[in-house]
Structures are given as structure tokens and as C-alpha cells.
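TrEMBL annotations:
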DOMAIN    145-448  domain 'Phosphofructokinase'
BINDING   Gly150, Arg213, Gly214, Gly238, Asp239, Gly240, Thr241  ATP binding site
BINDING   Asp239  Mg(2+) binding site
SITE      Gly240  site 'Important for substrate specificity'
BINDING   Thr267, Ile268, Asp269, Met312, Gly313, Arg314, Glu368, Tyr424, Met425, Ile426, Arg427  substrate binding site
ACT_SITE  Asp269  active site, proton acceptor
REGION    499-528  region 'Disordered'
COMPBIAS  501-514  compositional bias 'Basic and acidic residues'
Amino acid sequence: MASPDEIHVEGDFDSPTSRQIVSSLPFSATCIRIARDSYPNLRSISSSANIPDDAGSSKTVEGDFGYVLEDVPHFTDYLPDLPAFINPLRNHPAYKTVKQYWVNEEDSVPLQVVSQKDTSRGVHFRRAGPRQKVYFESDEVLPCIVTCGGLCPGLNTVIRELVCGLNHMYNVTHVLGIEAGYKGFYSKNTVELTPKSVNDIHKRGGTVIGTSRGGHDTVKIVDNIEDRGINQVFIIGGDGTQKGASDIYKEIRRRGLKVAVVGIPKTIDNDIAVIDKSFGFDSAVTEAQRAINAAHVEAESMENGIGLVKLMGRYSGFIAMYATLASRDVDCCLIPESPFYLEGKGGLFEFMEKRLKENGHMVLVVAEGAGQKLIAQSVHSMGTTDESGNRLLLDIGIWLSEKIKEHFSKKRMTINLKYIDPTYMIRAIPSNASDNVYCTLLAQSAIHGAMAGYTGFCVGQVNGRHTYIPFHRVIEKRNRVSIQDRMWARLLSSTNQPSFMDKKDVKPATDNKPKLPSGLKPMNGEKH
């Protein structure tokens, strides 16, 4: 037989010749062949395939003009003799009408879309979607779904679309729900999820299979997965949950199990790295408007009225920033990324006095993680964490309310302050139309990836396209608001508030070019 470099299987996948050729090729050889066709000067391929004790190491493909594909693991990396099957979607009525429903193996999505004429092509991720080959037969698939961490709009929608997508697209008849988060693998019973039982759950908030923080025991979880015969694990949760999912994948790979581990990132704060946004964020911003509107009504109805609204945002102030931009009623927005001070020239209190004299009222929005250093200076803090390892925050809303009252009392200026904390109301709502669509696409992308034999990855939208992202990229750092970015400048111009920052707090602008994986060289003349 000719070498993989010379084999082309485009065309009618159902032809006897094509089936024979493709079934004889390992998946990795097919990917490499395509990469070589697209990039003739392919220089290096590094993989964790031969390093079972370091299954989390990166798997990269480097091509011409600085092209780098940060690929995700595949079963054939450690189970090279697995048989492949024709994707049942080939005969699915919904897909037969679509001319190009298979994702080309050479398709990838760039991390950065803004470039100059001399910049390299940069880091890419594998595009999500259905493949011509799958590594599961429908009747052997036993998937499970687990939700971990705090609540977020859209959880039930993702669960529903996973169950319905597996059933309607790939004829999977049994789907297990793991109750109460990670600890449910070894301490709770599972529930059978069917298209009928999940039909209307997207209309409700929360998660029908329950959730919890902590409870992660990798060995116990993988033992349970192996004992139950589960071979696809869909894990919905934030960065801490995805760290746990990465550990589960590594242990499964160490044992040589044919089990796909897929993460679906979930965080209402929108602080997951790499992806455009997390599901539930749009719904949270929309619901936050109700609290801001109420605060505005209260403030403008009273003499020197102040409406103070605390929104979610432990480390990242995206909800507060976008809700402020959307509202147009907010006079000042405080987020964790932007330090502020209260007293003295240029401080928050001076600005509040000025705004009250001008308008007779004002609305202040503060993210829950803002001003923590200020509070710690006046309140004894133990620096404790919750079961997920998140730092327990001091309540900026109540603290700031008291400080504002104290300040204006000293000034002998009457104010009417109304404090609103809608945190749990926002978390508990069902997702809106935009998030419902997004959740559907995430769930279907996750299913296609698992059926195609990919594992150890998260699904997410990057620059408007759905991709498969290695676990390490979404857990290595948080997405945070850049206060040197134009979006923050837009907020400051919208509210007409000062930055409240001392010059010593402002760091010089840095080069935002993405770093290449270690061992890869940039283009000639380009610095990283």
C-alpha cells in the first residue's frame, strides 16, 4: 500500500475503495497526511502519545508562515488499533440535505484574527463538527453527564441538547445523569435521561441532575466510570471543574480505557480563557438590567438618591462592565481589575459628591470581587476558600454602603441609599434565546467530538467558530477585563467616571501577541 502521504480519500466515502483505504489508516496518519498536504514544509509534530505519564502535555502541529495547531488528544494516540466506522449521520435526513456537513480535517480556527501583513498565522484550534469516521458504534455508547460548581443560566439547556443530540443524531438510547456533581460518581445513584424526560427542562433554571462544589476524587470517579461501563463523559463546569476533568482524562488514559472525556465550560462570570464567551453570560447581563433599572427608579425618586447594585464577578468584571454599557443609567462601575480609592482628590467619594450635585441622584454598580484590598485594610480577613478552592470574598456591597453613609454623614449631607444584591436571582433564571442557541451548538459540538474519538478537550467558540480546545489552555489562566483595552475606555466614556487609579497602578501597555508553545520558533524577524 502507498504511504499515508500519498493516499487521498476525498470523494464518495461510501465507495468500497474509500472504505477499505480509510479503515486501514490510523486516524493520526490521516490527520498528518492532510496537514502535510496543506503545509508542505511541515516541520514538527509533538504529541503526548508516547508519554503516558504526562498525558496533559501539548500536542502541536507546526506549519508554514508561523502556523501552529494546538491539537487535542485522540483515542489512537494511545489505542492505535481501534477500528473506525462510517458516521451514521451519512444517512441522517437532517444532514443529507446539507452539501458540506463533514468538517474537513484540515479546518482550524485562529486564536487571533487581527493581524498585520508581517505577522505569523499564529495559534489555531481544531474546528468542531461531525467527521466522516467515528470510533463508536451507536449501540455500544453509554454516556454520562455531570454538572459541577455554581448555578448558571443554560445548564438545563446543555443537558437537554446532549441527551437529544445523542439520541436523534447517533441513535444512542441510554444516557446517565450523575447527581450532585463529582461526588455523585461514587456516592449517589444515577438517573436515566431520555429525550422525553428532558423535553421541557430548558424552560427552567438550575440543573435537573443537581450540582455541588468539591468532592473530586479522581481514582474513585474513574473506578466508577470503569465499573459502570461508561465510555463518554460530558462534564459541565468552570475552570476548577475542568481541572478535575483534565485529571480524569489523564487517569483514564493511564489505564488505557476507551472513554472520551469532554468538558463544556460553564461560568456566569465569563472568566474562562480562550473562548469568546461562556454560556449563560448573555442571560446574566440581560437579567442584571432589571436590578439596575430598579436601582435607577429608586435613586431618581428620592432627594440625593443613590442606587447601589452588586453583581457577580469574583475575579473578572465582565457582567458589571457589560451591564453598565447596556444600561446607560449607571454613573459609576467598579470591577476587580481596576483599583479604586475612596477618600481624597480624585477618589470615589469626590466623584459621588459631584454627580449628586449635578443630577440629584446616581447609580453605582460594583462587581463582588472589587475593592477586596480596601475591605481587608479595615476588616480582619482569614483568606479562607470554599470547597472549590475559590477565595471567600468579603461583601463589598454592604461594606461600601456603610462607608458611603459614614462619609455623607460627616459631610452633613442627606442621602437616600438603596442597596440591591440580585446575585442568586440572576444565577437561577432560565437561559434566554441567544444562550439557548449557543448551548445547543456547544452540546452538539461536544457530541461530534466524542463520537469522532477525540478526548481530553473542551468545546468553545473562538472568533465565532466552534472549536476543540485542549484542557490545559482553558485552565492555565482566567479571562479578565483589560483596563488598557478599548472596551474599558468605552465604559469610562459612557459613564463619564474617572479611572480612580494612581499613576503607580497603571502598567505600560504590553504586546498582546499570543505566545507560541514551547519549542516552536516564530517567523524570521518576529519577536514574541
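Using N, Cα and C of the backbone, Cβ positions are placed for all residues, glycine too.
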Message: I need the CA-to-CA distance for Arg213 (ATP binding site) versus Thr267 (substrate binding site), whole Å please.
response: 13
- request: Rounding to the nearest whole angstrom, report the longest C-alpha distance spanning Thr267, Ile268, Asp269, Met312, Gly313, Arg314, Glu368, Tyr424, Met425, Ile426, Arg427, listed for substrate.
  value: 17
- line: Lowest 10 Å Cβ neighbour count of the binding-site residues Gly214, Gly238, Gly240, Gly313 is held by Gly214
Task: Determine, using Cα-Cα distances only, which of these binding-site residues is closest to Arg427 (substrate binding site): Gly150, Gly238, Asp239, Gly240.
output: Gly150
Query: Nearest to Glu368 (substrate binding site) by Cα, among Gly150, Gly214, Gly238, Gly240, Thr241 (binding-site residues)?
result: Gly150
Message: Taking 10 A as the limit, how many CB atoms besides its own sit near the CB of Met425 (substrate binding site)?
response: 14
Query: Counting every protein chain present, what is the number of Cβ atoms, excluding its own, within 10 Å of the Cβ of Gly150 (ATP binding site)?
result: 22
Query: Near Gly150 (ATP binding site), which binding-site residues out of Thr267, Asp269, Gly313, Met425 have their CA within 10 Å?
result: Thr267
Field: Within the predicted model, mean pLDDT of the domain 'Phosphofructokinase' (145-448)
entry: 94
Message: Just to verify a number: CA distance, Thr241 (ATP binding site) to Thr267 (substrate binding site), in angstrom, no decimals.
response: 10
